[in-house]
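Asker: One structure coming up, written as structure tokens, with questions to follow.
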Amino acid sequence: MFEGLRSYLGMESCDNQWISFNSTGLEVELKEKLFGQHLASHAILKAVTGFLNRENSKKPLVLSFHGWSGTGKNYVTKMIANHLYREGMRSSFVHHLIATIHFLHVDRTDLYKEQLQQWIKGNVSSCARSLFIFDEMDKLHPGLIDGIKPYLDSHDHVDGVSYRQAIFIFHSNAGGEKINKVALDFWNDGRQREEIQLSDLEAAVSLDVFNSKQSGFWHTSIIDKNLVDFFVPFLPLEYKHVQKCVREELKVRGKAVNEDTVSVVAKEMTYFPKQERVFSDKGCKIVEKKLDYYLED
Ligand SMILES: Nc1ncnc2c1ncn2[C@@H]1O[C@H](COP(=O)(O)OP(=O)(O)OP(=O)(O)O)[C@@H](O)[C@H]1O
């Protein structure tokens, strides 16, 4: 359907009435609502703002988020979508794929690859400013990663379609253990986590992610070809961050923030290493459920 007609009918269309980047909104939300992730926050704001403010980008934006479960990878992705698309994650220009759900059968890889390529092409043909989210990227079959490679590169066109305005975000737990180790070493040395620099993690993460034969990344040339613009590490969350997550969840539910509730829920989470109990092993992931349970009583 023509974009003008879609707009006239009040349907979402691929134009600046529906797609318009609010960099201040993203900056404020990252600052106020993403806890304990100074590296991710800085890298994402810089990468996304730089890309979306550039008139003629030479390649699509490709971000790869790494870290332990529940540390904010999906949460931040949702923030990016909310500040770019009026419909946020509900936008028909936001596409979310989960490796273990959508590509379950290894023997169908060739078929999946063809479908995936058609699907990316079709979506970008309908709207150049499309956002593709690949969850569990480390579990994606190398054949499929190979399949999406041409779209991540700086080609002018691939089969008559330009992918230069698209955004690809990959999520994975790969590298999480190494990131956790660096964070724990800082903690053991009595240093602030905010002192951790990207350079402290790069070597550790790349060793873990790219040398792991289980990782789909390892098998493909996605790395050596520099197709990923930014590797973004997510640090493990501490007790104080979990407390903040509980407070935030209470606010979202319109409940008064009761510090007893905050402590009870935060203490219910499990922390590692077992002895020191520094980091939440599920980040803030099950805070919502724990709170449901607690508030029911
Ligand atoms: N750093 C954080 N700051 C604030 N809230 C957070 C943070 N991390 C997680 N949360 C909360 O926990 C929920 C679950 O986190 P999220 O889905 O982003 O985890 P994830 O890193 O994508 O995990 P997984 O690897 O298991 O998919 C979020 O919806 C959010 O409410």
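Every residue gets a Cβ built from N, Cα and C, even glycine.
Please treat TrEMBL annotations as automatic predictions, because they have not gone through curation.
What TrEMBL shows for this protein is this:
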type: BINDING; residues: Gly67, Trp68, Ser69, Gly70, Thr71, Gly72, Lys73, Asn74; note: ATP binding site
type: DOMAIN; residues: 237-294; note: domain 'Torsin-1A C-terminal'
Asker: Does DSSP give Gly67 (ATP binding site) helix, strand or coil?
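Answerer: The three-state answer is strand.
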Asker: Three states by DSSP: which one describes Asn74 (ATP binding site)?
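Answerer: It is helical.
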Asker: Ser69, Thr71: which of these binding-site residues has the highest Cβ count within 10 Å of its own Cβ?
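Answerer: Ranked by Cβ atoms within 10 Å, first place goes to Thr71.
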Asker: Setting Gly67, Trp68, Ser69, Gly70, Thr71, Gly72, Lys73, Asn74 aside, what same-chain residues sit with their Cβ within 8 Å of the center of the Cβ atoms that define the ATP site, listed in sequence order?
Answerer: Tyr75, Asn173, Phe234, Gly283, Lys285
Asker: Listed binding-site residues are Trp68, Thr71, Lys73, Asn74; which sit with C-beta under 6 angstroms of ligand 1?
Answerer: Thr71, Lys73, Asn74
Asker: I'd like the Cβ neighbour count for Gly67 (ATP binding site), meaning other Cβ atoms within 10 Å of its Cβ, all protein chains included.
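Answerer: So the number of other Cβ atoms within 10 Å of Gly67 (ATP binding site) is 27.
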Asker: With helix taken as DSSP H, G or I, strand as E or B and everything else coil, how many residues of the domain 'Torsin-1A C-terminal' (237-294) land in each class?
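Answerer: Helix, strand, coil within the domain 'Torsin-1A C-terminal' (237-294): 32 helix, 5 strand, 21 coil.
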Asker: For Asn74 (ATP binding site), what is the tally of other C-beta atoms lying within 10 angstroms of its C-beta?
Answerer: 17
